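Peer 1: I am attaching a structure below and will ask some questions about it afterwards.
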Amino acid sequence: MTCRLPSRFAPIALAAAAVSLSAVGTAHAQSADVLLDCSACHDSTASTPARPSVPGPFPDLSGQPARYIAHQLEAYRKGLRQHRQMEKTATALGEGGAAAMARLYADAPQPDLRPPAREEADTTGWSLVVNGAWERGVPPCASCHGVSADDTGRLAPILIGRDPAYLAHELRAYADSDRRSDTMGRMRAFAAQLTPSEIDAVADYYGAWRSQEDEP
Ligand code: HEC
Ligand code: HEC
């Protein structure tokens, strides 16, 4: 999870600063600078977040579909996702700033990730991803969560290679209906059908995808 391309985050920090100047009034500019410094928290190359007072885990946004990112920022604005600081960030960005950041992160290059070898993959997690659990109404995760960002109009995010702690945290939030950004309520329904150990297993499976650079 640690070895990614650090250089791609510099333009994102700069663009966030530009968004803060254009989208936010000067009266709020100072606090907005902190809220809008996306890479302080969304830099997957950092082993510890730059803002330890903010509760994580911190998701990596690069290469996510633009429509998904914009939809999440709207969900924070509307209180469908709860995170005090991200609610403020999304409100400060507004609709225009959110669209700009969504395009920027969607265009950030994604590392070329490989699945874990079958013998190393968590079999419970792997099975949920490719087979689902139809008897409980859960389709295969892979039927919606693709592995590349070429379809930027998609609403389902990319899960491969992402921090398992973050993925498990979000699945628990759906299961408890704390996160209600899924417009049809489907992720809430699926997550509520998973046991706590299945949630950890599927998050670990996705987290085990590795870029070639990380391979020994
Ligand atoms: C101080 C830390 C911090 C800053 C600064 C920050 N974020 Fe976040 N962001 C988080 C955390 C933590 C989460 C996960 C919150 C949760 O669990 O819902 C998050 C979640 C998100 C998500 C949802 C990700 C997903 O996969 O669903 C998006 C999109 C996002 N942030 C965009 C931004 C953008 C754009 C900026 C800059 C304009 C920004 N954030 C600034 C901490 C931060
Ligand atoms: C019918 C399509 C569909 C299926 C099947 C599906 N998902 Fe999702 N998933 C989505 C959509 C759409 C979203 C975005 C919802 C939102 O805006 O909150 C999502 C969001 C998520 C998120 C939040 C990621 C983030 O960046 O915050 C996780 C984690 C997740 N799904 C895991 C799973 C797992 C694990 C499975 C299989 C057990 C699964 N999904 C099956 C469509 C699907």
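A Cβ is built for glycine as well, from the same backbone N, Cα and C atoms used for every other residue.
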Peer 1: Given that TrEMBL annotates C141, C144, H145 as heme c 2-binding, name the residue from M86, M187 that shares the site.
Peer 2: M187
Peer 1: Return only the integer: C-alpha distance in Å from C41 (heme c 1 binding site) to H145 (heme c 2 binding site).
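Peer 2: C41 (heme c 1 binding site) to H145 (heme c 2 binding site), Cα-Cα distance: 24 Å.
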Peer 1: Near ligand 1, which of the binding-site residues show up if the criterion is a Cβ under 6 Å from one of its atoms? Options: C38, C141, C144.
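Peer 2: Checked binding-site residues vs ligand 1; flagged C38.
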Peer 1: Would you kindly give the Cα-Cα distance separating H42 (heme c 1 binding site) and H145 (heme c 2 binding site), rounded to the nearest Å?
Peer 2: 21
Peer 1: Return the residues near M86 (heme c 1 binding site) by Cβ distance under 8 Å, restricted to its own chain and a separation of at least 6 in sequence.
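Peer 2: Counting only residues 6 or more apart in sequence, the Cβ neighbours of M86 (heme c 1 binding site) under 8 Å are Y76.
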